[in-house]
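For 11-34, the entry in TrEMBL reads compositional bias 'Basic and acidic residues'. According to TrEMBL, the feature compositional bias 'Acidic residues' maps to 86-98, 178-190. The feature compositional bias 'Polar residues' is assigned by TrEMBL to 139-148, 156-167. What TrEMBL records for 1-39, 70-107, 132-199 is region 'Disordered'. Here TrEMBL flags 352-393 as repeat 'WD'.
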């Protein structure tokens, strides 16, 4: 075999004989002390510094104290520079990090979970406290979670959004960051920075649905035994008057709850056809159906004065009348188209006016200088009260037989009722100046004769009624000239046949006189005062 194929084993070196360990030298204390002395002397020589070298160091580096202070200042400056650089680098990434942190914010786990909370609890929505949250008859019951969501939506809607105290901390931080960015924009809308109602409640009456509440009958303390012919609110006190064919006139305090009776007077053999307060509210004037006599009731003194005859009045009976706006006279409606002006002080007729046909309705202008009167032939006359002269005359559009008339207190509207049930609403200014005015609106919601027309004090509502049919009463929203859809209530009869309609001095209440001897009372919630 060749030598290349042989694996060589490591060669073991031959070990020589063991060497003898040398013993350490014997310790000599005197020799050691001498060595230490020599070392100390050498160090002392090295530690001494030449005075020239020390002077050079002071010229170059300054004194020792100054050098230390300078080194401390340089160290502080370097540290501050590093902090500023680190802050700049961090600020560049802070916006992105904050947004990412807000999005990736971990949700907290509940500390304790009740198993009953997971069960769906059904809530009765027909309860009077939850009835307003229903959006239909199908929602008679609702789960507790859905009810909470509905209440939250209702609250946010009433507040105009989520208030700041109801927001979560994450959302607050995000909103705060957004607000800081938006401060630099000059065109930002201030409304977006506020909570609450953005739109304030309007003073004008909205159309469509009239917010109202049914109250106890105005004369519930003393219902009439026969048909009521009159209901009227006192011009200044919170009092309502009713009168009817039971020969009585009654006064009630209006509170909407009990409506207690104040006083009631009985007029012997005198079924009351119409009763009305004087302008100052101290006297009640009452007329009957077939008597020429009428009564004056002084409420302050409690005295009833019958007026048997009127000087200068050639009429068989006194039935219809209107109190003049000046308060000192009555305008009596006679037969054959006559209108008589009667002074209350002397109880005599001072002048009369004559029109064609029988008078069916009378209404004064807001300042009392003009009086409107319509006839059964469908013509409307405009008289000047000072001169007793007819200043205008026109035909009610489409009217065959006129039945009623009313004017608004703000001097804007004039309403004419007809036997067909159509009520034409005119501009009062046009009626004064035009010989052929066109109505602003023809209200055709009644099918029987329109016998009662009344404007509310704010001239926003026109009440029209008919005594020929049950529930034949409608309320017209004058700004839009549309009829309120929620009156009368169709489910049950409340109004019956209304012969008279009236509003309280500030439109807070609305009442009617019906054939059942009752005066249904309604609270108009839009108006705050009586």
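Cβ coordinates are placed from backbone N, Cα and C, and glycine is handled just like the others.
Regional average pLDDT for the repeat 'WD' (352-393) in the model is 95. Per DSSP, the compositional bias 'Polar residues' (139-148) is made up of 6 helix, 3 strand, 1 coil. DSSP assignment over the repeat 'WD' (352-393) gives 0 helix, 26 strand, 16 coil.
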